[in-house]
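To keep things clear, I will list the structure first and then write my remarks on it.
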Amino acid sequence: MSFLGGRSNANASAVNYDKMEMAVTELDTVTDFFNRMVSSCYTKCVGGRYPADGDLNKGESVCIDKCVAKYNEVQKKVGEKLQSRGAAAQASGAAPGSGSAFGSL
Amino acid sequence: MSFLGGRSNANASAVNYDKMEMAVTELDTVTDFFNRMVSSCYTKCVGGRYPADGDLNKGESVCIDKCVAKYNEVQKKVGEKLQSRGAAAQASGAAPGSGSAFGSL
Amino acid sequence: MSFLGGRSNANASAVNYDKMEMAVTELDTVTDFFNRMVSSCYTKCVGGRYPADGDLNKGESVCIDKCVAKYNEVQKKVGEKLQSRGAAAQASGAAPGSGSAFGSL
Amino acid sequence: MDFSNFNSAEQAHMTKIIEKKQMQDFLKMYANIVEKCFTTCCNDFTSKALSSKEDACVANCTEKWLKHSERVGARFAEFNAEQASQ
Amino acid sequence: MDFSNFNSAEQAHMTKIIEKKQMQDFLKMYANIVEKCFTTCCNDFTSKALSSKEDACVANCTEKWLKHSERVGARFAEFNAEQASQ
Amino acid sequence: MDFSNFNSAEQAHMTKIIEKKQMQDFLKMYANIVEKCFTTCCNDFTSKALSSKEDACVANCTEKWLKHSERVGARFAEFNAEQASQ
């Protein structure tokens, strides 16, 4: 894809754009996941209350550590569940954006 | 646009990029609409409560069916309203991103 | 970048794509900021309640005016704070998407 | 935002980009109003059709959102003009 | 959506774009489920590991979300088919 | 993420993309903090100016969010390192 740079060089420094695009998708996915984890753990451990000062107190710090661990656990569990439901679920329209709701070519 | 592929072919298999871009915008719009409907109906009919099992119960299923119907009704109503206010509203800055708040060329 | 148009003209009408891209980033940032302000002030001043009619009442109108002023104040304060913490904070991973969580090249 | 240092080719490009973004922003606002007014107005899911009360609520809610959005835009524009003149 | 007026080259492009978007939508749904089910199921942060109760909750919550999403998709498809036939 | 199988041209491209994304992420975090701290700290709309109490609240809220975000980042990095070494 030309927006990622030149295309015609076929030597050792050639750029594999499919590989690059996959890396960008992976980066976006991890960033989105991280941002949601930050927001969720803020809501569970810190947020909402009027802050007495700018520091995390002991209880908040402990809560954040457990929260990150649990969030990662949940991500694993959900991933396994989605995998066990597999391609069937996707094909039948479980994934928004797929399936008959959006017409087909 | 070159990032959608070649540009110079003018034969029967030429790609009309403006048409493609409109189709992509339409696809994104429908997907966004669908995702918001899924989230809204989840909140109204299923969400929040601790789940007793993995199935939708009778009440939830009935609720979801009505919810989708009503959500589509609301979308129609709002669309008609926006249309009746028409270009005037857009030009005067009702649409975020337009209007004097963002300077002009 | 070719998706913004031609690339080879080097005369007075040449397009500086880096400058264009910065302008687009600035536009997106202001739009996002504006949309969040609209949503936040709607929640504080208007939202949630069943609307008696289609007009903003006196109390809502006054509230909106103050809300916009305060939102802009908060934006300034937070910006100053971020600036005073400076590059150090960014490098140590305060900004999601940066730092060791995402590996490095 | 100040585009006065853009040459004519850049201004033409920018105009096209801004037009596209305004379209996308309009569609986003549309989806936002639907979501917010549905949440505010619809709480009975025993029937498929909107009741007359829900119908009026959606109309008022939409109108109010638009007026709210216009007012925020106007105040924001004033604020930016003030900042620019300082 | 109707792509019947697309020529074969345009259909090929569109298929590729749709495939990419389906991948992104799937990842977004994955992140959404994690966020919602975490919020619903996890409220005790005195231990790092999921309790058996939380574990069961996450499994049920995920299953329910998928079934919910499928049901909404089915109703939405019916609605669109109705609209198209009018 | 592991970019060790990237050649130098690919690494150069990736570095540029990551830099752009970090800029966007920083701006998004900025907008997030403003939104959250405004919601937490500002509840009186009878005056235009921030009260001294609101002002202190915004400062503390911003500081807390940054420390929170740093702590989550540190724990997440440890978790990823553990996973990678298994």
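In case you wondered, yes, glycine gets a Cβ from its N, Cα and C as well.
Annotations in TrEMBL come from automatic prediction, not curation.
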Can you check which of B:43-63, B:64-84, B:85-105 TrEMBL lists as region 'Disordered'?
B:85-105
Just to confirm my parser: what is the rounded mean pLDDT across the domain 'Tim10-like' (B:20-84)?
94
DSSP on the domain 'Tim10-like' (B:20-84): how many residues come out helix, how many strand, how many coil?
53 helix, 0 strand, 12 coil
